[in-house]
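These features come from Swiss-Prot:
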ACT_SITE  ASP207  active site, proton acceptor
BINDING   ARG54, GLU60, HIS61, ASP63, ASP207, TYR260  alpha-D-galactose binding site
BINDING   GLY158, GLY160, SER162, SER163, SER250, LYS252  ATP binding site
SITE      ARG54  site 'Transition state stabilizer'
Amino acid sequence: MDSFNPALPSIVESLDDIYKNFENNKKRYEELNETFSKIYNGDKPIFYFRAPGRVNLIGEHVDYSGYCVLPFALEQDTIVAVSFNKLNNDIINIHNCNEKYTPKSIDVSGGGDIEIDMKRHHWTNYVLAAWKGVSQAMEKGGKLKSVNLLYSGNVPMGAGVSSSSALVCVSTLAISYCNNLILNKEELAQLSIKSERYVGVESGGMDQSISFLAEQNTAKLIEFHPSLKTFDVQLPKGVSFVICNSLVDSLKVVTGATNYNLRVVECRLAAVLLAFHCGLSWEKVRRLRDVQYQGNFDLPQLIQLTEQHLSEKQTYTREEVATILDISVEQLVKTYFPSGITVQSEHFELYKRARHVFTETQRVYKFSEICKQQSNFNNNNNNNNNNSSNNTNIIQELGKLMNESHESCSKLFECSCSELDSLTKICRENGALGSRLTGAGWGGCVISLVPNSKVDSFLDAIDTHYYSKFVNPEKLKNIEKSSYSFFTTPCKGACIVSSTV
């Protein structure tokens, strides 16, 4: 891969080109080297790869309905050191620097046909998903080289900042690179999206796309249709985005049947019923965006149509949807429930889910447009007083959109929880202009918009009013505060790291 080709993942020779927190991350790579040598009998890594976690500013649970999102990459990442396994061509060895994650040596002679046991959740399933995806992507079914892998990650697990996707993405990058499969960033993102579905999560694509396509100092507006496109969004000056982990675990693959995957199905059923009531070719509809495209509707019209056709009877059973469409329940499930994915619910909330998706998408576009106007204003106006006044108004409007987003996530999409609702309320009461859950929800993190001058006092207040009151002290005992409560800026996407670290 060419480090000078912007379409391909870059090859980075110095860690300070990636990390602001250079010293701590240097120690991570040194530990990775030392541990690798111990595990693999003196063998040295020949490649290093890293892929970041992400935070979504706004646009929750809309990507799998075909709509745009606005994330940026975190500095926190998953890194992997790699060497070739010269002892056995059919075995890959998977280890982690954190002893909590037990190692596995896995026979991969089946290549792309390797089976992943989704009933037994193990962290190596994500690595196998990447292996399966890359193996299937190889031309003419070429056999992948077996490898020794050692991972190190500091993306908080179960926090809604894409630790699992970072693991899939870094594995996809590592395995493809080691097998001379040259893929650009978009292709790697698409392959990672496909691969992560092998572990039983119907991913919408945001997490993998930003992990590969992120750039320093800019958020990305990501559109998925008609093709994957990204647009830089410069964030306003004078404020910080602060991440606070509720410390309620949010594990999509574990709770998907009643949470994440259920919402995917509800959005699909909402789309097909809306298309049916609008007289469209509903048989071809799979996403809410398909209704917009086929009917040539704008978002306000879609919100009105949702009120008109879905609000009277908000909850449906499989049998009721099948009867309306004049198809069997078996055909409904086969067509609109993603294959290989379990959903545990007899009732499906369609009105609330559709209304959230359409209004949340409006907020994404408003948020990015406000940021664009602010950036253009600052570039064309040198009057400091005007700049200051304009920036204050901009920030307040962005905060309002974030608050509206959380309200919709909580009340319409019902992907919040009592701890997240309490935490966002505490954040607003202690200096945040806007605060919302970020990620899948049902636990995990909130993101808050905080004036730079108030960040330190804000973090202290959250410690006092949330962590000290709502979190078991035993849970905090072995965790550094900076790992669950911190401010962040947009960071670099996935890359290859020179073996000379």
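Each residue, glycine too, has its Cβ placed from N, Cα and C.
Shown on the structure are the features that Swiss-Prot records.
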residue	record	DSSP (3 states)
ARG54	alpha-D-galactose binding site	strand
GLU60	alpha-D-galactose binding site	coil
GLY158	ATP binding site	coil
SER163	ATP binding site	helix
ASP207	active site, proton acceptor	helix
TYR260	alpha-D-galactose binding site	helix
CA-CA, which of the recorded positions SER162, SER163, ASP207 lies nearest ASP63 (alpha-D-galactose binding site)? ASP207
In whole Å, how far does the CA atom of GLY160 (ATP binding site) lie from that of ARG54 (alpha-D-galactose binding site)? 9
For the C-alpha pair, I'd like the distance in angstrom between SER163 (ATP binding site) and GLU60 (alpha-D-galactose binding site), rounded off. 17
Binding residues ARG54, GLU60, HIS61, ASP63, ASP207, TYR260 (alpha-D-galactose) - maximum C-alpha distance in whole Å: 18
Across all the protein chains here, work out how many other Cβ atoms are within 10 Å of the Cβ of GLY160 (ATP binding site). 31
One should report the C-alpha separation between GLU60 (alpha-D-galactose binding site) and SER250 (ATP binding site), rounded to whole angstrom, as 15
Between the recorded positions GLY158, SER162, ASP207, SER250, which lies closest to TYR260 (alpha-D-galactose binding site), Cα to Cα? SER250
Within 10 Å of ASP207 (active site, proton acceptor) (Cα to Cα), which of the binding-site residues HIS61, SER162, SER250 do you find? SER162
Looking only at C-alpha atoms, tell me how far HIS61 (alpha-D-galactose binding site) is from SER250 (ATP binding site), rounded to the nearest Å. 14
To the nearest whole angstrom, state the Cα distance for the pair SER162 (ATP binding site) and ARG54 (alpha-D-galactose binding site). 6
Quick one: what's DSSP say for SER250 (ATP binding site), helix, strand or coil? coil
Cβ neighbour count (within 10 Å, all chains shown) around GLU60 (alpha-D-galactose binding site): 28
CB within-chain contacts under 8 A for ARG54 (alpha-D-galactose binding site), separation at least 6: PRO71, PHE72, ALA73, LEU74, VAL161, SER162, SER165, MET206, ASP207, ILE210, SER211, ALA214
Within a 10 Å radius around the Cβ, which one of these binding-site residues has the most neighbouring Cβ atoms: SER162, SER163, SER250? SER162
Report, as a single number, how many Cβ atoms besides its own are within 10 Å of the Cβ of HIS61 (alpha-D-galactose binding site). 27
